Amino acid sequence: VEWSSSERSTITSLWGKVIPAEIGPVAFARVLIVYPWTQRYFGNFGDLSNIAAISGNAKVAAHGKVVLDGVDKAVKNLDNIKGAYTSLSLLHSEKLNVDPDNFKLLGDCLTIVLATKFGAEFTPKVQAVWQKFLIVLIHALSRQYF
């Protein structure tokens, strides 16, 4: 994919304001709450029985940060997201057997959390660039499935 200098600037500027340990847990908890069938991949996380349990779960919070660290890897490798995500794609497809449709659900939840966090700064233009970035990221993460 080709990124214009404006798109690169938008992605890196937005991402530069993100604190993975703050945003990640909220976005990942939202996935588990809004799409409860995704909980099946996290049976070892303990109590995921309700919103309070999920929101207060240390393993959910830790994994949310890990997920955002993965997004950070894509931001730092805009010119080769597919290459940067090869091992993550293999892990999710071959070892964890995660349904790749769940990556879009996570992207949607992350977008909602970012829009909530940044309010008026998360303009339609910023969102359009962010969505383009997520499409590339999700495609790279889903690559080993096909």
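Glycine residues also receive a Cβ, built from the backbone N, Cα and C atoms like all the rest.
Annotated features, as they stand in Swiss-Prot:
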- H63, H92: heme b binding site (BINDING)
- 2-146: domain 'Globin' (DOMAIN)
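Taking a C-beta cut-off of under 8 angstroms and a sequence separation of 6 or more, H63 (heme b binding site) has the following same-chain neighbours: G24, F28, F42, F45. Mean pLDDT for the domain 'Globin' (2-146) in this predicted model: 91. In the domain 'Globin' (2-146), helix, strand and coil residues by DSSP number 121 helix, 0 strand, 24 coil.
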